[in-house]
Amino acid sequence: MVHFTAEEKAAVTSLWNKMNVEEAGGEALGRLLVVYPWTQRFFDSFGNLSSPSAILGNPKVKAHGKKVLTSFGDAIKNMDNLKTTFAKLSELHCDKLHVDPENFKLLGNVMVIILATHFGKEFTPEVQAAWQKLVSAVAIALAHKYH
């Protein structure tokens, strides 16, 4: 289990409370699909993913990105219990969707980039370290049900 200090929790929460989940979620998932095009195979039902502009403008990408980031909010509320928080999502992504767990790490790294672009100078090295620790812990929690 990962332990977060009070300072790390405060650093994560302070930015999260300022985040536009809908905007950042669509941007994060869109960026994942553009930068790592092999991840597109999990989103066949999303329609046109033929170019970066098609992906970033796709309403299904934006809607699912919001859903992903909304569930990430659960991580922030439950930083001391990530494994339990993501148990059902881990099972879904493992048993039904067959998502390569490496993709969780990629999405976490994309989220850190989104935070840096949105928050600029507020995204200090200390804040980045706290977020990097959180996205890594979430990726591990999501990969938990994999054999």
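Glycine is no exception: its Cβ is also placed from the backbone N, Cα and C atoms.
Look at Swiss-Prot and you will find 3-147 tagged as domain 'Globin'.
Here Swiss-Prot flags SER14 (among others) as phosphoserine, drawing on similarity to another entry. Within 10 Å of the C-beta of SER14 (phosphoserine) there are 13 other C-beta atoms, taking all protein chains into account.
Taken from Swiss-Prot, the feature phosphoserine covers SER51 (among others), and the record attributes it to similarity to another entry. Taken residue by residue with DSSP, SER51 (phosphoserine) is part of neither helix nor strand, so it is coil.
Same-chain residues at least 6 positions away in sequence with a Cβ under 8 Å from that of HIS64 (heme b binding site) are, in sequence order, GLY25, LEU29, PHE43, PHE46. Taken from Swiss-Prot, the feature heme b binding site covers HIS64, HIS93, and the record attributes it to sequence analysis.
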